Structures are given as C-alpha cells and as structure tokens.
Amino acid sequence: MMSLNRSCFLGNPAIAGSSSPFSHSQKRRSASLKVVALVPKVRTGDRNGSVVMESTLQEVKDESSVVELKSTVHGGVQDVYGEDTATEDQLVTPWSVSVASGYTLIRDPHHNKGLAFTEKERDAHYLRGLLPPVVISQELQVKKMINCIRQYLVPLQKYIAMMDLQGRNEKLFYKLLIDHVEELLPVVYTPTVGEACQKYGSIFTHPHGLFISLKDKGKILEVLRNWPEKNIQVIVVTDGERILGLGDLGCHGMGIPVGKLALYTALGGVRPSACLPVTIDVGTNNQKLLDDEFYIGLRQKRATGQEYAELLQEFMTAVKQNYGEKILVQFEDFANHNAFDLLSKYGTTHLVFNDDIQGTASVVLAGLVAALKLVGGSLADHRFLFLGAGEAGTGIAELIALEVSKQTNIPVEETRKNIWLVDSKGLIVSSRKESLQHFKKPWAHEHEPVKELVDAVNAIKPTVLIGTSGAGRTFTKEVVESMASLNERPIILALSNPTSQSECTAEEAYTWTQGRAIYCSGSPFPPVEYEGKVYTPGQANNAYIFPGFGLGLIMSGTIRVHDDMLLAASEALASQVSQEDYDKGLIYPPFTNIRKISAHIAAKVAAKSYELGLATRLPEPKDLEKYAESCMYSPSYRSFR
C-alpha cells in the first residue's frame with residue numbers, strides 16, 4: 001500500500017500545514033475548488049493496522065481550507081499518472097492509497113522513527129504495543145547505530161548494515177551519514193561500493209532503485225510511472241558496463257546509482273524523495289556473472305548498436321516526458337564507446353551530466369588549482385602526463401585545457417599541446433592518429449612513439465602525473481623516482497578506483513619521493529609515517545563536486561549543462577582549502593565541512609547558470625549561498641499529529 005504526501009493530502013491545507021506521516025503519491029492541484037475534502041473513516045479489524053480511506057465527502061466550512069487546484073486542458077486535476085489521457089488499449093497502474101499507521105508506518109522508511117516515536121504519536125498512529133516502551137532521541141539512535149556499525153570488521157558487512165538502515169529508517173540513515181561522513185563515506189561509496197557491486201546478487205534483499213531492461217522496450221514510460229515518488233529532480237543511471245575499475249558488472253551495477261544518490265542527499269542536501277537510481281539492463285559480457293545462480297540481471301550477452309541506442313532513446317524521451325525539461329540525468333560508469341556518444345547526443349536536448357567525464361575533471365582541476373599554492377606558478381607553467389585516455393583522462397585533460405585557455409586567452413587547441421596522454425599502446429602521438437578513437441585524437445601531438453610510461457615521463461618531463469587507467473600499481477618505483485628526479489615537489493594523482501586499482505599507494509608515493517610528493521588518490525588511504533613525519537594523503541573524490549553541482553542546477557532550474565559551470569565548480573572547491581590544510585600538504589578541504597562546501601559550489605554553479613541565461617527559476621535569489629543552504633534537506637525527525 002502506498003501512502004499520501006503529507007504536504008499534498010488531497011489538497012487540504014489544514015492537513016498540509018501539519019507534519020503528518022504521509023509519503024509521496026501525487027500532487028492534486030486544480031482551479032479553486034472550495035469546501036470539499038476527503039475525510040478518513042476508521043474501519044476496525046483491518047489486518048495491517050492501517051487506517052483505510054473510505055472517502056467520505058464532508059463540507060469544509062473554514063474559509064482557510066479552500067483548495068487551490070490548477071486546471072488542465074482536460075478540465076480536471078493534473079493527470080499525474082496518465083490514466084485520463086491513456087487510450088483503452090494502453091496499460092495504466094492501479095494506484096491505491098492509505099494513511100500510514102501501525103505496522104504500515106513502522107515499515108515505511110520515509111516516516112519510520114523507531115523508538116523515537118513519542119507517547120502521543122504512538123497513541124495517535126496505532127503504535128502502542130508495537131514498540132518497546134522506551135522513547136529515545138534521534139541523537140541516541142545515531143550513537144547506537146555508529147557503535148553497531150563499528151562492531152563489523154568487514155567493510156561489506158558495514159555496507160549491508162547501512163543499506164538495511166536506509167531501507168528501514170531513511171532519516172536516521174542520513175543523519176548517521178552526515179554526522180560521521182568521513183568514517184562512513186568509504187562504506188557507502190568507494191571503495192566498499194565496488195565490492196558490493198561485485199556481490200550484489202548475493203547481498204540483494206529488496207530494490208533501492210528502478211531496473212529497466214530490454215524486456216521493458218516500448219513500456220519504459222509505464223515503468224517510470226511505477227516508481228512511487230512523482231516529483232523526481234535527479235536520476236543517476238548506469239548500464240553497468242564499466243563499474244569503477246572492475247569492468248562489466250551488468251545489473252549488479254545498481255550499487256553505483258544508489259550510492260551516488262545517497263551522497264546527493266547527505267552531502268548536497270537534495271531530498272531523497274527527489275532522487276531516482278536507475279539501472280539499464282541490456283545484458284552482460286561477464287561470463288562469470290552469466291554463470292552465477294545469484295545473478296539478478298538478464299542472462300544474455302550485451303545488446304549493442306541499434307537495439308541499445310533505441311532503448312536509451314526511449315528512456316531519455318520517457319524521462320523528459322514524465323519529469324519535465326529540468327530533470328537532471330547523471331550518467332555513471334558507461335563504457336567509453338557509449339559514454340562520450342551519450343553525452344554528446346543528449347547534451348543539447350536534456351540536462352545531462354557525466355560524472356566520470358565531467359565530475360572527475362572538475363574535482364581534479366580543483367586539486368591542481370589548489371596545488372599551485374604549494375608548488376608555485378600557474379596552470380600554464382605546468383606539463384601534464386596522463387596514464388589512461390578514457391572518460392576520466394580525456395575529461396580532465398580537456399577541462400585543464402579550457403581553464404588554461406580562459407586564464408591566458410590562448411586558443412584551446414594550443415593549450416592542449418602541454419597535455420600528454422598514454423594509453424595501452426603507449427604515448428598518444430600524431431603518427432597514431434588514424435587508428436585512434438575520436439575522443440583521443442585532440443591529444444595526438446608531434447612526438448616519436450614511446451611505449452613505456454617511464455620513458456614517456458623522461459621524454460615529456462611532466463610536473464604532474466595523473467593516473468586514470470583503472471590498472472593497479474602501474475606507477476612503479478622507477479616511474480615515481482623519475483618524477484622525483486625531475487621535480488622538487490612532484491604532483492602525483494593516482495585516481496583509479498577502488499583502492500586495489502590505484503596506480504600507486506600513498507606509502508609508495510611518499511617513500512619513493514622522500515616525502516616530497518603532493519599525492520592524491522581516488523579512494524582513501526590512511527596517513528603515512530616517513531622518517532618521523534606523518535603525511536596525510538588527499539582524496540580526489542567526485543563527492544566533493546557532484547552533490548553541490550547538482551544542487552546548483554536544481555535550485556536554479558537550469559536546463560542545460562555548460563563547461564563554464566564545471567570551471568566555476570572547480571574554482572569554488574579550490575577556494576575552500578584553508579592554510580591549515582595546505583600546512584598538512586592537502587589540496588582538498590576535509591569532508592567534515594562538506595555540506596557548507598556543497599552549498600558554496602551550488603551557489604557558484606547557479607550564478608554561472610544565471611549569467612549564461614540557462615536558469616529558469618526567476619527572479620534570481622539575492623544571496624545564492626544562503627538560498628542553497630535553505631534548500632538543503634534536513635534528516636531531523638518531524639513531529640506527527
């Protein structure tokens with residue numbers, strides 16, 4: 001049974017003004033209906049303990065209870081579900097509603113408060129006897145849960161416990177994650193989410209997102225309407241073909257959208273009911289999964305070509321049709337051959353963002369801008385060498401080139417020449433241009449072929465070495481020592497996830513450079529002690545950027561993403577690094593302040609959107625940062641009446 005939105009309970013403002021335990025259903029809005037409301041009658045003997053709606057019409061005499069509803073072209077209330085406009089041969093969903101109470105309320109993660117229900121609430125909502133008699137605060141619940149989580153020694157067990165909590169008590173989950181963000185971020189996100197995806201079929205208990213497969217072709221709009229929340233603002237979608245550095249995990253990739261959207265809420269303040277995780281299942285080429293009895297996806301090889309393109313086209317069309325022009329679609333962990341094409345194809349027609357290409361680029365650029373305080377000079381003074389020329393590598397490279405072009409007024413075609421990429425075949429040079437994929441061609445510069453990374457380091461003499469290869473331990477001792485011989489403070493970014501795929505560890509980087517390296521990784525590493533000094537490695541985590549970036553797009557009603565917004569986000573993040581952070585050798589601020597950081601990033605992104613004429617929420621707020629903070633979701637319990 002589905003519950004009603006507390007703010008939209010059949011349009012009754014008297015009820016909407018309270019904080020009743022109603023979850024999202026539909027917003028009933030139409031023109032000036034006066035005096036009519038639906039009043040629930042209690043029917044005794046209801047087995048699930050809920051109050052059943054026996055829709056009794058009652059005259060509402062209080063003038064303050066006038067219902068403001070918007071007319072549609074059909075003359076009635078807004079046809080949210082498409083039932084009135086559907087033809088007789090089209091399928092619709094038989095929605096049903098009930099007031100959440102008793103066991104129904106306890107089992108509703110949006111409104112469940114566990115032992116925090118007050119005595120008054122227990123009487124009002126038929127909870128007496130269904131809970132132990134003690135009443136405790138949310139703060140004590142958080143303390144209890146973090147103690148429970150710490151009892152687990154295996155990270156995957158901590159992940160399972162957190163996902164279980166999210167499915168039982170949503171507000172407590174987010175309160176716990178926000179209050180202990182540095183400790184729990186590696187649990188709900190990288191690196192633990194990688195192992196969770198690998199074993200998703202074994203640990204799967206109930207869905208946290210929407211699965212759309214080839215079986216749903218022709219019915220995707222109907223599938224989207226099956227999701228209980230209607231006012232969606234951001235979708236994170238994957239097809240599971242390139243999960244982190246782990247490869248094709250098919251339907252098990254759902255852990256990524258679920259984890260990303262948990263961070264959208266915890267770090268960026270986007271309300272959870274506005275977030276929709278989606279996995280597009282077109283099969284998998286991972287034979288191990290196809291042979292796994294616990295695999296939850298389609299047991300077939302991946303669909304490609306026209307069949308794949310048609311499914312994605314139907315999905316993107318249905319998304320805009322169902323949620324409108326301003327719905328943000330974030331692409332996650334698509335393989336290179338699809339990721340660039342999808343971003344290019346839908347970037348002009350939808351509000352789309354690829355975190356692997358654009359989010360990674362923005363957070364790395366922020367780190368590089370901050371690092372200039374430690375090494376001196378401008379970005380234009382540095383030479384960059386990448387190991388890895390996929391989504392992340394080329395995305396970072398392009399954003400660096402754009403930022404240098406912006407700072408120097410030199411054409412971007414020229415600024416690219418200071419940036420070199422190495423792929424599986426060696427240094428990308430002009431003699432290889434004909435055989436290169438289109439997204440690598442801008443980086444094919446004049447140089448003799450070089451096969452090995454260490455030889456490329458010695459030939460190019462970079463000041464910055466960036467790893468996005470997805471291959472662990474590829475920054476060998478010889479490579480790192482070469483960087484140290486060329487630079488007093490070599491900048492080494494080993495960005496591949498999860499930890500096992502990192503190009504080198506923090507300990508290796510500091511040891512092989514005698515403590516001179518400015519080091520960052522994609523997944524967290526513990527502090528390193530070298531010759532009596534403790535070095536704290538930074539983490540170039542996309543979670544610094546995408547939650548605040550998304551909030552900025554949403555709160556301004558932006559309709560398209562522009563590269564200048566990514567540059568604005570990078571500059572905003574770099575500005576949050578304090579002198580105290582620099583003194584520790586860090587080029588990113590601590591995650592303890594992440595919601596403030598996200599609000600600052602959101603404000604700068606929104607400001608750029610208004611400047612570019614891409615924002616639709618008018619008038620522009622006077623103080624965008626305060627407005628961003630006011631828009632953020634709070635996980636504190638609400639009082640029910």
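One-based numbering along the chain as shown.
Every residue gets a Cβ built from N, Cα and C, even glycine.
Residues or ranges marked as domain 'Malic enzyme N-terminal' in TrEMBL: 166-347. If you look up TrEMBL, you'll see Tyr189 marked as active site, proton donor. Among the features that TrEMBL reports, (S)-malate binding site is placed at Arg242, Asn497, Asn541. The active site, proton acceptor feature in TrEMBL is assigned to Lys260. Among the features that TrEMBL reports, divalent metal cation binding site is placed at Glu332, Asp333, Asp356. For 357-610, the entry in TrEMBL reads domain 'Malic enzyme NAD-binding'.
Neighbour density at the Cβ, taken as the number of other Cβ atoms within 10 Å, is lowest among the recorded positions Arg242, Lys260 for Arg242.
Less than 8 angstroms from the CB of Asn497 ((S)-malate binding site) sit Thr190, Pro191, Gly194, Leu244, Gly245, Gly522, Ser523, each of them six or more residues away in the same chain. As a whole-number mean, the pLDDT of the domain 'Malic enzyme NAD-binding' (357-610) in this prediction is 95. Listed in chain order, the extra residues whose Cβ falls within 8 Å of the Cβ center of the divalent metal cation site residues Glu332, Asp333, Asp356 are Thr238, Arg242, Ile243, Ile256, Phe331, Phe334, Ala339, Asn354, Asp355, Glu391. Fewest other C-beta atoms within 10 angstroms, among the binding-site residues Glu332, Asp333, Asp356, are seen around Asp356. Within 10 Å of Asp333 (divalent metal cation binding site), judged by CA to CA distance, lie the following recorded positions from the set Tyr189, Arg242, Lys260, Asn541: Arg242. Arg242 ((S)-malate binding site) and Tyr189 (active site, proton donor) are 16 Å apart (CA-CA, integer value). Here the Cβ of Asn541 ((S)-malate binding site) has 26 other Cβ atoms within 10 Å, regardless of which shown protein chain they belong to. Residue pair Glu332 (divalent metal cation binding site) / Arg242 ((S)-malate binding site) shows a Cα separation of 9 Å.
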